[in-house]
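Trainee: Sharing the feature lines straight out of TrEMBL:
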- ARG296, THR532, SER593, ARG594, LYS599, VAL600, TYR601, VAL602, GLN603, ASP636: NADP(+) binding site (BINDING)
- ARG452, TYR453, TYR454, SER455, CYS470, ALA471, VAL472, TYR476, GLY486, VAL487, ALA488, THR489, TRP674: FAD binding site (BINDING)
- 78-222: domain 'Flavodoxin-like' (DOMAIN)
- 277-518: domain 'FAD-binding FR-type' (DOMAIN)
- 20-41: transmembrane segment (TRANSMEM)
Amino acid sequence: MADMDTETSTQAVVGEEEPLFSNLDLFLFSLIVGLVIYWFMSRKKPEPIPEFKKIDTPAPAARETSFIEKMKKTGKNIIVFYGSQTGTAEEFANRLSKDAQRYGMKGMAADPEEYDMGELSRLSEIKNSLAIFCMATYGEGDPTDNAQDFYDWLQENDDDMSGLNYTVFALGNKTYEHYNAMGKYVDKRLEDLGAKRIFDLGLGDDDGNLEEDFVSWREQFWPAVCEHFGVEASGDELSIRQYELKEHTDINMNKVYTGEIGRLKSFEVQKPPFDSKNPFLAPVTVNRKLNKAGDRHLMHLELDITGSKIRYESGDHVAVFPTNDSVLVNKLGQILGVDLDKVISLNNLDEESNKKHPFPCPTTYRTALTHYLDITHPPRTNVLYELAQYASDPKDQENMRKMASSSPEGKALYQSWVLDASRNILAILEDMPSLRPPVDHLCELLPRLQARYYSIASSSKVHPNSIHICAVVVEYKTKTGRTNKGVATNWLKNKLVTDNGHKSTVPMYIRKSQFRLPFKATNPVIMIGPGTGIAPFVGFIQERGWLKQQGKEVGETVMYFGCRHKNEDYIYQEELEEAEKNAVLPQLHVAFSRDQDQKVYVQHLLKKNKENIWKLIHNDNAHIYVCGDARNMAKDVQSAFHDIAEELGGMTRTQATDYVKKLMTKGRYSQDVWS
């Protein structure tokens, strides 16, 4: 009884409190149990999946990365790799691979970024094989973007290349410090690894006549190849088409490219990350004229990158994809009697080629000539050679073939009639009425319209969602009385903030640069940038000002700027004087070259302030930055530094030159120059 009482009384006490498990408890308990079971099941599940995947799912990368296998499969024995930033090296590579056919061999052009370059040592598996390298140098002796991995691989690997036959044609510009550095490096490095050079390194100088350098080299190169492999030239000089035309009569217009660089509809549905194959359409928020007077048009544009996830640093370059002037496109259509809105594809006759089309297809002739093809540069000699067959006047035919030869009179004719007269393809067709090529062959031969690079004129610390461009509009009269206009600058000039109620946009991406402010903000900086060379320094000054606002200690900031007239083209005057007033820019030196009888340039001001300059460089570890024209200004500035080192450092000319070279090697003398 007693026990029962105890039990009853206990129950009574419990009954007066909450029940042991409320509905909520039960629900939460069930949920936890459910989650635990789910977690166990989901942990177990993936185990059998790899097996299942192996059987049913094809590997996503169907792209062939073995150029050896590809060459064996397609019977090719010559491979032409190109390191190309602006498309010229790629163009030369295509010409050489096409040439091979004329010499009874089979060639293919190849982007080193797409293949496993570790296979070079295996090329000897293919009889009579040869690797040709068309290598351009970018910026301060750097490899082009698509050759960066190959360059790294060459530096890190010591593979035995004794079975490899090779030759190199380098593309560069003599006005730059590191003339043809990339081509020279590839040539030397392959030799060091035991490869056999079968023809001398070719040096192409874009400051002179790159086309002539290439034609002369190529003319001697092929006979040397024939001799080396014991083959006879076929003598077949006929034009060889690489693509065949397909006209689309009944096609869904949603499948037609309208100017996109990579993915179809990429301009309608924008997806990051943005790069050279997938540019971002940045709205133009500011487009103003910078100069107060004069006959030039200097402009400042601001591009909005909000929401794009694009990041940039001061000193980087913005690449923009321009379009050709519709007036030129329409005139080409008229002169060739073409329906520009016809939808076409140019399909590679070599089905195994990675390059299925010369530009995105299907598209219209109008889109190809507007967005994809370069119609404003004077055409190269191979274009004239291939088009010669369509001239009905034998004299025209003869002249066009002559211009494409390496004979002295042919070179002179090409120089005077095409280059000196700045004749683009339209001018050639207008001045040679007997020449009327089929438009599809012309489209096959014209080079691709390339992105244009501009030094960014803003700091991401101050403008994280905006990229600023500073440029001068290119327009000039040619010897034939025509007015030629720069493609990109005239296109940018017309990018009004709103165009008929629509926002103007610019397809763009960022190219990283080595042109960087010193890691230590306390290092002094000496910036030298006449004209639009001021662009990156506007960003540098903004950044130094921002660092000061953050309470950081900032070294001396010195600016040497030059323009023609104080009242005409002293661009960014307000910004510079404001920075000077706020002690962000303690030293501002401006050379107005034409405001007095004697011309005064930035290098003259450098010498005038030589004691201060020498103290900053020699004692205070200053970093020097030069931006602008490579041909004259950059050389004259460098020479001024040689003079200062010689005079104030008590050095010989050789020592002074070495001193400045050392500054460059240490990253304390940087150049962002163009010619």
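We number each residue from 1, going along the chain as drawn.
Cβ coordinates are placed from backbone N, Cα and C, and glycine is handled just like the others.
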Trainee: Write out how many residues of the domain 'Flavodoxin-like' (78-222) are helix, how many strand and how many coil, based on DSSP.
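Mentor: Output for the domain 'Flavodoxin-like' (78-222) reads 64 helix, 35 strand, 46 coil.
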Trainee: In Å, rounded, how far does the Cα of ARG296 (NADP(+) binding site) sit from the Cα of VAL472 (FAD binding site)?
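Mentor: One finds 7 Å between the Cα atoms of these residues.
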Trainee: Using Cβ-Cβ distances, find the residues under 8 Å from SER593 (NADP(+) binding site) that belong to the same chain and are at least 6 apart in sequence, listing them in sequence order.
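Mentor: The answer is GLY562, CYS563, ARG564, LYS599, VAL600, TYR601.
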Trainee: Out of these binding-site residues, CYS470, VAL472, ALA488, which one has the fewest other C-beta atoms within 10 Å of its own C-beta?
Mentor: VAL472
Trainee: What is the number of other Cβ atoms found within 10 Å of the Cβ of ARG452 (FAD binding site)?
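Mentor: I get 21 for this one.
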Trainee: Looking at Cβ-Cβ distances, which residues of the chain lie under 8 angstroms from GLN603 (NADP(+) binding site) while being 6 or more apart from it?
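Mentor: Listed in sequence order: MET633, ASP636, VAL637, SER639, ALA640.
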Trainee: Tell me, how many other CB atoms lie within 10 A of the CB of TRP674 (FAD binding site), whichever protein chain they belong to?
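Mentor: There are 18 such Cβ atoms around TRP674 (FAD binding site).
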Trainee: Given a 10 Å Cβ-Cβ cut-off, pick out the one of the binding-site residues TYR454, TYR601 that has the most other Cβ atoms nearby.
Mentor: TYR454
Trainee: Across the domain 'FAD-binding FR-type' (277-518), what does the mean pLDDT come to, as a whole number?
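Mentor: Looking only at the domain 'FAD-binding FR-type' (277-518), pLDDT averages out to 96.
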Trainee: Of these binding-site residues, ARG296, LYS599, which scores lowest on Cβ atoms within 10 Å?
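Mentor: Result for the binding-site residues ARG296, LYS599: minimum number of other Cβ atoms within 10 Å at LYS599.
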